[in-house]
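First comes the structure, then the notes that go with it.
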Amino acid sequence: MRKISSIFILCMLFPLAGFAAGGPALDLEKADNSLEDKDSLKRGAVLFSNYCMACHSVKYLRYNRIARDFGWTDEEVVEAMTYGQNRSVDNVTTRMLPGVDEEVLGTKVPDLSLMARLKGSDYIYSFMRGYELDEKTGEWDNRLLHGTVMPHVLEGMQRHMSAEEFKQATRDITNFLEYAGEPAKLQRHDLGWKVILFLLVLILLTYLLKKEYWRDIKH
Ligand code: HEC
């Protein structure tokens, strides 16, 4: 019997062993962002446009989708994110001309649409905050992606903001990128509450109905 139970326990542990073998754990800061915070999402979209879109796209998103989800009008979204340079039906693509990345940076700049799903929000947050000055070379390096060709684009922002403000700004950008990875999440959250509310009302109604049915029956 004991043998059987230890085999059973071993089998249960196997999936855990699989996870543990996924590579060294990264030391990540918690992003603590919230998709329910629409103001944070709006700030994140504007910061993303100002600091990241010189190189990156989130090409699976359109401006009018963002408008609908964040509570902007079509005019407001293109004004906030592109100074009115784009149409609201356009996809959110980088302002960099094709091929310039490989010419100037020597590599292709990744699209960030699915980056939050690929690497997690905490990674994106920590990556933006992970730049450290290398004492020897005097150049910025990223502790999560050593030797990265992406420059420390938030250096000026970090210098001019308090630690708390910089946390919020990087959290807002992370929030926007988590949204970009799965825009339907916003509706799912909304729908979840409605379903729960519906079920509660249904329980109340069935309870009242039961009382009504059994009222005249002695039991
Ligand atoms: C000057 C161009 C440039 C700008 C501006 C820029 N990036 Fe990047 N980014 C890159 C390049 C190039 C890479 C690929 C890095 C590499 O392979 O070393 C990259 C990679 C990334 C990655 C993936 C990292 C990984 O582990 O693979 C993330 C996340 C990212 N950038 C986020 C941002 C965010 C957020 C901003 C705005 C705050 C931003 N980037 C602004 C050029 C840029």
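Counting begins at 1 with the first residue displayed.
Cβ atoms are placed via backbone N, Cα and C, with glycine included.
TrEMBL annotations:
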type     : residues            : note
SIGNAL   : 1-20                : signal peptide
DOMAIN   : 39-181              : domain 'Cytochrome c'
BINDING  : Cys52, Cys55, His56 : heme c binding site
TRANSMEM : 191-209             : transmembrane segment
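Annotated features taken from TrEMBL, shown on the structure.
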residue : record              : Cβ within 10 Å
Cys52   : heme c binding site : 21
Cys55   : heme c binding site : 19
His56   : heme c binding site : 24
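DSSP classifies Cys55 (heme c binding site) as coil under the three-state reduction.
Mean pLDDT across the domain 'Cytochrome c' (39-181) comes to 96 in this model.
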